[in-house]
Amino acid sequence: MQWGLLKMNQSKIDNNTSEGFLGLDFKSIGTKILTTYYPLLILILLLIVASIISPIFLTSGNLANLLRQQVTYMIIAIGVLMVMLTGGIDLSVSSMAGISSIMVAYSLQTWGLGTSSAGLLLAIIIGIGSAFGIGLLNGFLVSIVKVPAIITTLATMMAFQGVGFMITKGSTILLATKDTGNSILIKFGEHGDPLLGIPYPIYVAVFVVVLFLLIMKYTTFGRLLISTGSNEAAVRLSGINTKKYIFWSYGISGILSGVAGVIITARTATATALTASVDYNMTTIAAVIIGGTSLLGGEGSVGFTVVGVFIIAVIGNIMNLINLPTYPQMVVKAAIIIIAVLLKGLTSKKSH
């Protein structure tokens, strides 16, 4: 009997110790902060490390350049997030951005749409529409035909890299700056006067982020997209057409990759098939994973995806500031992806 009372008292002491002052369970709170906000903590730590390593890092010029460089990655990463929330993956975003960039420039220069503002609008629609079409093709093959997402998007990535070279014939399309439509596009891409000192592409990125924050928080589409990735069978049994949400997630990825492609052309006043070879695929996937999105789907957020983009950006910026060559940087990025997946697994176990 006495031993039983002692065990009960010891249990109460342990509970009181765990709860701490005012009944707060500091251990539980600490675990929740770690598992929920670890991407933000990593970003803060990296900013501190970067400022110590290089005094140049915190200069306004470097920070502004860092932000400008992440516009296209941020937009594409939101699209990748939509796909990964359903449990899928999209390896074709670089190719979709490349095709969009090429089709905008080709429409303006070869088809003569660059001579007017109306022609520019049509060229932008053609560019984004081309990428959207590829996204819908991915969605159809994955959701309806049931081809695995990694195979589907790997195939479309390779196919449309080839299409890009076929359209451009391996050369670079240069926009004539004297044409009205071309001039408007080039000024939009940071070559004109910025609005309130902020380049226009940054406004586009902010708009996309805010739009999808609202969609994911307040719409049925956002909630069911996450539910589909979390437990597709249960959602399907409740009478919801999960194929629709998987299909449109790839369509959204196509649209956002297309928007990024337009910005790429606007910035450089050129288009080349080599855009499809830029490492948007792995960089954005890494950013989404680092931002806390599960590879199995059903877990992730727009806000932390943006944080993930900037974690990758700050690491890249640090490597550039210390003059680390390109190929070692690729090794570092690959290691980051592996570490991010492992860290996500550890934090998920702690949260459970």
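Note that Cβ sites are derived from N, Cα and C of the backbone, with glycine treated the same way.
Just so you know, TrEMBL annotations never went through curation; they're auto-generated.
Database features, via TrEMBL:
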type	residues	note
TRANSMEM	37-58	transmembrane segment
TRANSMEM	70-89	transmembrane segment
TRANSMEM	120-142	transmembrane segment
TRANSMEM	149-167	transmembrane segment
TRANSMEM	198-216	transmembrane segment
TRANSMEM	245-266	transmembrane segment
TRANSMEM	278-297	transmembrane segment
TRANSMEM	330-347	transmembrane segment
For the transmembrane segment (198-216), distant same-chain residues with Cβ under 8 A (at least six beyond the ends): 67-68, 70-72, 74-75, 78, 81-82, 188-190, 192, 222, 225-226, 256, 259, 263, 266-267, 301-303, 306
Other parts of the chain folded back onto the transmembrane segment (149-167), taken as Cβ under 8 Å at six or more residues beyond its ends: 83, 88-92, 94-96, 98-99, 102-103, 106, 134, 137-138, 141-142, 273, 275-277, 281
Contact call for the transmembrane segment (37-58) against the transmembrane segment (278-297), three or more Cβ pairs under 8 Å: yes
Beyond the flanks of the transmembrane segment (278-297) by 6 or more, those residues with Cβ under 8 Å of it: 36, 38-39, 42, 72-73, 76-77, 80-81, 84-94, 97-98, 157, 228-230, 257, 260, 304-309, 311-312, 333-334, 336-337, 340-341, 344, 347-348
